[in-house]
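Read the structure below first, then the notes.
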Amino acid sequence: MTPNIKPLIAGNWKMHGTSASLSSLEAMATGFAEAASDADGVICVPATLLERAAGVVEGSSLQVGGQDCHPAEKGAHTGDISPEMLSDCGAIYVIVGHSERRADHGESDGVVADKAKAAWRAGLIAIICIGETEAQRKAGETFNVLEEQMAGSVPAGASATNTVIAYEPVWAIGTGLTPEIADIEAAHAHIRQHLRKQLGAETADSMRLLYGGSVKPGNAGDILSVENVDGALIGGASLKAEDYLGIVGSVG
Ligand SMILES: O=C[C@H](O)COP(=O)(O)O
């Protein structure tokens, strides 16, 4: 954790969830404030659930977000969703540049940056994801990859109020594998240091840096106590209220 930065515990339901899942969201909303009084929480649900999800969390400390957005406000883009549409449904955050979108949809750093700027245009907080693949890690390229992704995906104008950075080693996502604590610490320190050069120290030192990749109730305490880890981006364990609240409860 970083002193003076309010942690964010973000869930990403990915392509999971139907109407029946809203009862689980309701349990998260009900239990959130008791689990952690000094953290922000968001669940990024599928767009199909967003408006109803916003209704479910209304009045609680939990917020909802989208998982992706198109850079344009509107237009002939069949199947896409603009950040303005997400905001209209009650989203406060939107994830951009998740590695699954970079891999499945060929999203470049430039596209991710355009999406982040579009999120800001709509008044949303962009959760910009970066992270190395297993091959890049084995080749000793982790820091270079992170620097390149930050330079390309984090636009000028990023601030602590409009942007959150999520470091997700691709090989740790959904695998049950996590880096050594020392490796998480080193990566987050490197990200903070690079952001100082890119955005200025004042902005970089107040920006939330999340760790993502196989965060569970059992390892959240150790991960969240690492310096420069200001929260988590959680996939699988954000689907069950008990697991998500268990992680929220690990905020020191
Ligand atoms: O967005 C969330 C991440 O991809 C982490 O997913 P996971 O917690 O299932 O490993």
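Quick reminder: no glycine exception, Cβ is built from N, Cα and C everywhere.
Long-range C-beta contacts of His98 (active site, electrophile), restricted to its own chain and to partners at least six residues apart, with a cutoff below 8 Å, comprise Asn12, Gln67, Asp68, Cys129, Glu168. The annotation active site, electrophile is assigned in TrEMBL to His98.
If you look up TrEMBL, you'll see Glu168 marked as active site, proton acceptor. Secondary structure from DSSP puts Glu168 (active site, proton acceptor) in coil.
Per TrEMBL, the feature substrate binding site maps to Asn12, Trp13, Lys14, Gly174, Ser214, Gly235, Gly236. A simple way to gauge crowding: the CB of Asn12 (substrate binding site) has 26 other CB atoms within 10 angstroms, across all the protein chains here.
One way to see the shell of the substrate site is to take the Cβ centroid of Asn12, Trp13, Lys14, Gly174, Ser214, Gly235, Gly236; the remaining same-chain residues with a Cβ within 8 Å of it are Ile173, Ile234, Ala237, Ser238, Leu239. For ligand 1, the binding-site residues lying close by, meaning a CB under 6 A from one of its atoms, are Ser214; the full candidate list was Trp13, Lys14, Ser214.
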